[in-house]
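Undergrad: According to Swiss-Prot, the protein carries these features:
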BINDING   32, 89, 128, 461  (6S)-5-formyl-5,6,7,8-tetrahydrofolate binding site
BINDING   234-239, 253-259, 278-281  GTP binding site
BINDING   234, 253, 255, 258  K(+) binding site
BINDING   238, 259  Mg(2+) binding site
DOMAIN    224-387  domain 'TrmE-type G'
């Protein structure tokens, strides 16, 4: 689409326009316009002059005198809008072609095509939202975890900002007190002051660590727990994977070495995302490709969170089984020992198997011919390894920049506490901690850094 804006300079003073709804057909599409010329563009599109702010109107939409659609239009007068500027929304029928034509009409009338995240950038620069609220709005769009929605909604409401600002205010009071006492000799500094400051710093550090720990745990949950399924060929790994997926995802065959590479699928278990990794059967092989698959299987044990070690209960322990046991011991990960094929006569020496395992483990017997009966037990054993997160009334850090800033603030507060006897150093580290807190909600980034941050947003946002 050609942008016919008379100015090629991309400035925050431009009137911008974009389609705010996802691509594809739907009931409606929304075109947003923001800037000093937004209302004038809407008047020309509708051939109407009277628009009361925050009232919805059904209006015909024209382009060069040609009727395009009958749409719902709303005018938000500055500063009472998302961006803080005049904003107009056009809600048309959900044809992608129609939305593109209306957008082009906006561009023909002087708007510029918005860059990704530019509406949010305007809101940020016009002090309609702080950085923590902007981050929350993006994560809310991307969120796939119901337990996180409440924390994001609270952050969007501004509760993280309030938490940070209250902490910042308390630290500023400590800084002011320490600056007053710098000119005093050490023996003139009240001992009660040092004790109170130390107590307050410990309390602040603990609250920051709680926020950081919860955010890190939630990030791991969002990423998903990696669960590797390992065993010798024909132990029943692929059958177990298929049963857990309730579909034929992995090829099940009596021919050894059928699975030559890792197969990865994602399921949800007890509210947690789990990445199931079916690995190549571990055995000695002259086949170069199969050996590469086996090496990849052993490597997956180093990077996973939980291991399902699958053993054939109907056969005595073999050299390949002991190779797997050694791999489990080296990985030092939580392990569920799955004794498969319990519908056949047991020949596996269970006590020998137990004596060779040097890691925490639990045991589950399964029958791949009727494995659904034990899937519930398997799910409970797997979920027992998941951390129990209390998401009620919790705040959440949603970006690496936020986590880094808080980690730096914690480090500086600890440094300040360690230098309580030297108030100049104490004040220096305390000020550094405050500056790191500032970057969570009121960053001092350059224009280029802001452009980079907001470019990650979607168009129309």
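Here the Cβ of each residue, glycine as well, is placed from N, Cα and C on the backbone.
Describe the structural surroundings of these features, if you would.
TA: Taking a C-beta cut-off of under 8 Å and a sequence gap of six or more, residue 89 ((6S)-5-formyl-5,6,7,8-tetrahydrofolate binding site) has these contacts in its own chain: 20, 30, 31, 32, 33, 73, 74, 76.
Neighbours of residue 238 (Mg(2+) binding site), defined as other CB atoms within 10 A of its CB across all chains, total 26.
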Undergrad: What is the interatomic distance between the Cα atoms of residue 237 (GTP binding site) and residue 128 ((6S)-5-formyl-5,6,7,8-tetrahydrofolate binding site), given in whole Å?
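TA: Here the two Cα atoms are 54 Å apart.
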Undergrad: Please report how many Å separate the Cα atom of residue 128 ((6S)-5-formyl-5,6,7,8-tetrahydrofolate binding site) from that of residue 238 (Mg(2+) binding site), as a whole number.
TA: 53
Undergrad: Could you tell me which three-state DSSP class residue 128 ((6S)-5-formyl-5,6,7,8-tetrahydrofolate binding site) falls into?
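TA: Residue 128 ((6S)-5-formyl-5,6,7,8-tetrahydrofolate binding site) sits in coil per DSSP, no helix or strand.
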Undergrad: Counting other Cβ atoms within 10 Å of each Cβ, which of the binding-site residues 32, 128, 237 scores lowest?
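TA: Each of the binding-site residues 32, 128, 237 was scored; lowest Cβ tally within 10 Å is 128.
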